[in-house]
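Q: What TrEMBL shows for this protein is this:
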BINDING   Asp30, Lys35, Thr86, Thr122, Glu155, Lys266, Arg331  NAD(+) binding site
BINDING   Phe152, Leu153, Arg154, Glu155, Lys207, Phe252, Leu253, His254, Ala255, Gly256, Gly260, Lys324  substrate binding site
ACT_SITE  Cys263  active site, nucleophile
DOMAIN    317-418  domain 'UDP-glucose/GDP-mannose dehydrogenase C-terminal'
Amino acid sequence: MKIAVIGTGYVGLVSGTCFSEFGHEVICVDKDVKKIENLKKGIVPIFEPGLDTMVVRNAEAGRLDFTTDLAEAMDGAAAVFIAVGTPSRRGDGHADLSYVMAAVDEIAALIKSYTVVVTKSTVPVGTGREIKARLSAKLSTDMFDVASNPEFLREGAAIEDFMRPDRVVCGVENERAQGVLKELYRPLFLNETPVIFTSRETAEVVKYAANAFLATKISFINEMADLCERVGADVQEVAKGIGLDKRIGSKFLHAGPGYGGSCFPKDTRALVRSADDAGVDLKIVRAVVDVNEERKRAMAAKVIGGCGGSVAGKKIAVLGLTFKPNTDDMRESPSLDILPALQKAGAEIHAFDPKGMEEAKHLLPGVHFANDPYETMIGADALVIVTEWNQFRALDLGRVKDLMKSPVMIDLRNIYGRADLASHGFHYTGIGR
Ligand code: UDX
């Protein structure tokens, strides 16, 4: 089956490439000429484990191609996926649908035979209906259907998540569109992945509800971490103690500096806004957003506390800048709140991140960037772990201590244990312990 995918950002590129891996013929479209030229040469613009080799393999097999010409991509395509960005609109937190609607207008002019128009981008409930109305103004309704097929990909594990998902959700209005999506996802039926067909509105809500629920788990355990710190309990053991209850589940209960990334912050805000518009006050989700915003700010205070109440004139080593490991993505990373707050309090910051520094250089003025973890620590008054990259889990603590001016560690991801660090002579501050 031939499909077109509009937008070669994170979602579009991973989805398009994985559909070609399923054996479909995929053409990915983007307006960015340079990006398309690079992709044609096998140069992938983002860091995602396994993606570059999969792009090259499928391109060489003739199943995956890239173009700036939507007409070429849509020629003979059974479905066109919209995977353009839906950033937070400045000021009001609503999802900005201008890229989506611009794509819809271009699609409208190019549909020559029956095509399923599928939203892959995260769009507020009701967007599918709006797209249908927009297309109907220009096309006869038997020429197209509009479906919602949200993605649930984690950065750093996106290929695995696409090829072996917990579930696939398809929001469709009729059997005809359902047939096209069934054919596209047929390889997953073989390994018995649940593929849920439901209404378009339901699919749109599933996506936001899933992200809001996961964000809720994180804000919840972060609040428990604050409580644990006050009463002398250990949040990691609390997480284990509750997580073994199958109704709760053990995943997504790591206390930390607050969630970041391209999805949770934006989607929770957009959900609150679109529910507001529908006359529903989502009090829980609103609280989740507030707790997370406050948390990112509170982390700077925690570092200052761990440094004995002041960081003025101190040199702070920071390990990890991205919002989580195995990505180069800096979007809404807690580091973007924590580091400037420390600088404002008078600290000099030396940081290292395995993949995020290129991007971080534009976002964190005044921060010194090191070539490896140990370089940040030379003469440092404190070491702060912001992101739990694997390479930070097994630091040579003797060497760290020798390099630092004073052996102080503030571990915002709990990758070390207090007893272990104390035995190496460190003053250790973790989260919720
Ligand atoms: C998320 C969803 O997992 C995915 O299904 C959706 O489609 C897009 O958003 P992603 O943003 O790649 O994926 O990251 P994820 O691994 O979910 O982590 C998000 C943030 O939550 C990170 O900042 C992470 O550090 C934080 N987090 C996660 C915690 O603080 N504690 C946890 O227990 C889990």
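Cβ atoms are placed via backbone N, Cα and C, with glycine included.
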Q: I'd like to know which of the recorded positions listed (Lys35, Thr86, Arg154, Glu155, Gly260, Cys263) lie near ligand 1, counting only a CB under 6 Å away.
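A: Near the molecule: Arg154, Glu155, Gly260, Cys263.
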Q: Over the span of the domain 'UDP-glucose/GDP-mannose dehydrogenase C-terminal' (317-418), how high is the average pLDDT in this prediction?
A: 97
Q: Using only the residues recorded as binding substrate (Phe152, Leu153, Arg154, Glu155, Lys207, Phe252, Leu253, His254, Ala255, Gly256, Gly260, Lys324), report the maximum Cα-Cα distance in Å, whole number please.
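A: Looking at Phe152, Leu153, Arg154, Glu155, Lys207, Phe252, Leu253, His254, Ala255, Gly256, Gly260, Lys324 as a set, their Cα atoms extend up to 24 Å apart.
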Q: Work through the binding-site residues one by one (Lys207, Leu253, Gly260) and name whichever has its CA nearest to the CA of Glu155 (NAD(+) binding site).
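A: Out of the listed candidates, the nearest Cα belongs to Gly260.
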Q: Would you mind listing, in sequence order, the residues at least six apart from Thr122 (NAD(+) binding site) in the same chain with a Cβ closer than 8 Å to its Cβ?
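A: When sequence neighbours closer than 6 are ignored, Thr122 (NAD(+) binding site) has Thr86, Ala95, Pro150, Glu151, Lys207, Tyr208, Asn211, Cys263, Lys266, Asp267, Ala270 within Cβ distance under 8 Å.
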Q: Mind telling me which of the binding-site residues Lys35, Arg154, Lys207, Lys266 has the densest Cβ neighbourhood, counting other Cβ atoms within 10 Å?
A: Lys207
Q: Give me the Cα-Cα distance between Arg331 (NAD(+) binding site) and Gly260 (substrate binding site), rounded to a whole Å.
A: 7
Q: Per DSSP, what is the residue count of the domain 'UDP-glucose/GDP-mannose dehydrogenase C-terminal' (317-418) in each of helix, strand and coil?
A: 32 helix, 18 strand, 52 coil
